[in-house]
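Reading through the structure tokens given below for one structure.
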Amino acid sequence: MVELEVQVLSDRREGLLAELGRAVVANGFSLIRQRLTQDSHGAWLTMIVRGPSEQRFALEETLGTHNRVLSFEASLSGEDAVATAVFAKSTPVAVHAPSPEPPPIIEPSATPSAAVMPDIERVEHILPKLAQDYPSIYPWLVSLENSVDDAVRESSLMLAGRRTGAWVYKRDYALGAKLGLSDAIKRIGVPALRQLADIEQQGVHVHILNSPLCTPGVQSGCKFYGGYLEGLLGASVTPKKVFVRHLSCRSTGAPHCSLEISH
Amino acid sequence: MPMHVSYNWLLVLLSYAVSVLGSFTSLQLAVAIPLATTPRQRTAAVAMAGGAMGLGAIWAMHFIAMLACDSGMHVTYAPSLTALSAVVAFAACSAGLMLVGDALFSWLRLLAAGSCMGLGVGAMHYLGMAAMMMPAVISYNAGLVVASLVIAIVASMAALWLAFNLRGPWQMVASALVMGFAVCGMHYTGMTAATFTDNGGQLPDGYADGLRGDNLGLTVFGIVGTLLVLMLVLHYWRQRYRSSISI
Ligand SMILES: [Zn+2]
């Protein structure tokens, strides 16, 4: 069990607690207390939630890609004694999971197995830098690649990619109608990916030429692009979920890194 | 006897520029309709987009184009029909944008929305023509009238498709240029369809109380100014929103 303090910024407060409370519950957490305030930036919702530690990644991912969320921060509750004091006065609220909601879809990479859990802290740490220097982000990604354990490298890069992709979508591609997967790949995925790398695309297949994150014979980092595409296309193709499969990688001797997109 | 009509080409170009400006502002607002999460936000976005399109891209364009058209007669406009033409343009555009401004795209919806907007452009134009008071009668070539409506509907559909389905810079620029073509193509085809015949100098009742070109010019100027301000505010607001989204 972990207790997290989550702070969310949204552009308006109506229905925010209900929608995010649902997301919290769907990830197996319960809401202990919450506080909703408003300032010139928008509505701030702070929640103290408790749930299984192996679900923390899934919850943060849900919140990070939620359409109501402009930005969010999550930390272990108790890390910040001041916040706890502020919350001492607020009343506990019970949130009931609405029964007609479909069960949350947990992707393979989010399964509660320690080996594939990304290094959330290090990813969270570089995310603001990715946003600041976007699209010149390779120095940060390479430093992330080198700073995490081998076992969690791929999942950490994938998480960084997914958060970056979801952010780029909200920033640059959210206006207009929802697109089908093949149109979303052509009109959103390809131009957004071209900002980061030389690519070739045929239907649902994307080849990253000379991925700077993958060194032949050494390490593979092209999971970043997979996560990036999932985050980028996921919001346009909703309610379906987008998955990216890695077919080949330069690190294992292939001429380029190849991805396959499906939903 | 049919009268000869000549055009001031500078004003013709200005009429196209105004319809593109109105379309651009309107479509910028319209593509955000699917993002609205409360009915109030949605209504506000639809009304503003419908206003920019109906009053800016269509109504103001029409009267600039009428100022560009010199038939050698003094023309005044019946205030009630002129106002009605503005209301019809606004309502038709709002309805069309509401139809297509849904998160999910479908061809049927696009057809309905394009017809709404295209017929709205046409209705505005022909009501605006009916509002003309002058010592002449207008007759129409039915084939060209139908052609003008077809142009308006097809080009509106194309513009809406571009605005909602493209991404990147062309999403807004191409759709506004095409929507401007829809409005102007309809208008000038409709003008070609019209023949003005001298009725021997008989002025209709209420001619002296009609709106004159300079009254309309001032209104049009006000609308264009509002469009420019709206576009700038929207641009500023969107930049702010964009930088407020954190990763
Ligand atoms: Zn690779």
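Along the chain as shown, residues are numbered 1 onward.
Cβ coordinates are placed from backbone N, Cα and C, and glycine is handled just like the others.
As annotated by TrEMBL, transmembrane segment applies to B:6-33 (among others). Remote same-chain partners of the transmembrane segment (B:6-33), defined as residues 6 or more beyond its termini with a Cβ less than 8 Å from a stretch Cβ, comprise 42, 45-46, 48-53, 55-58, 60-62, 64-65, 67-70, 93, 97-98, 100-102, 159, 163-164, 171-173, 175-177, 179-180, 183-184, 187-188, 220, 224, 227-228, 230-231, 234, 238.
Per TrEMBL, domain 'MHYT' is recorded for B:7-197.
Tertiary proximity for the transmembrane segment (B:45-65) is limited to same-chain residues at least six positions away from its ends with a CB under 8 Å from its CB atoms, namely 11-12, 14-16, 18-23, 25-27, 29-30, 32-33, 36, 85-86, 89-95, 97-98, 101, 117, 120-121, 124-125, 128, 179-180, 183-184, 187-188, 191, 216-217, 219-220, 223-224, 226-227, 230. Per TrEMBL, transmembrane segment is recorded for B:45-65 (among others).
Note on the transmembrane segment (B:77-100): residues 26, 30, 33, 46-47, 49-51, 53-55, 58-59, 62, 109-110, 112-117, 119-121, 123-125, 127-128, 130-133, 156, 160, 164, 206, 209-212, 216 of its chain, located 6 or more positions outside it, place their CB under 8 angstroms from a CB of the stretch. Annotated transmembrane segment per TrEMBL: B:77-100 (among others), in sequence order.
The annotation transmembrane segment is assigned in TrEMBL to B:107-128 (among others).
Same-chain neighbours of the transmembrane segment (B:140-164): 23, 27, 30-31, 96, 100-101, 105, 110-111, 113-115, 117-119, 121-122, 125-126, 170-172, 174-176, 178-179, 181-183, 185-187, 189-190, 192-195, counting only residues six or more beyond its ends whose CB sits under 8 Å from a CB of the stretch. The transmembrane segment annotation in TrEMBL covers B:140-164 (among others).
Here TrEMBL flags B:176-196 (among others) as transmembrane segment. When Cβ-Cβ distances below 8 Å are used as the criterion, the transmembrane segment (B:176-196) is approached by residues 2-3, 5, 12, 15-17, 19-21, 23-24, 26-27, 53, 57-58, 61-62, 65, 69, 71, 73, 117-118, 121-122, 125-126, 129, 134, 136-141, 143-145, 147-149, 151-152, 154-156, 158-159, 162-163 of the same chain, each at least six residues removed from its ends.
Note on the transmembrane segment (B:216-237): residues 18, 21-22, 24-25, 28-29, 48, 52, 55-56, 59-60, 63-64, 66-67, 77, 82 of its chain, located 6 or more positions outside it, place their CB under 8 angstroms from a CB of the stretch. What TrEMBL records for B:216-237 (among others) is transmembrane segment.
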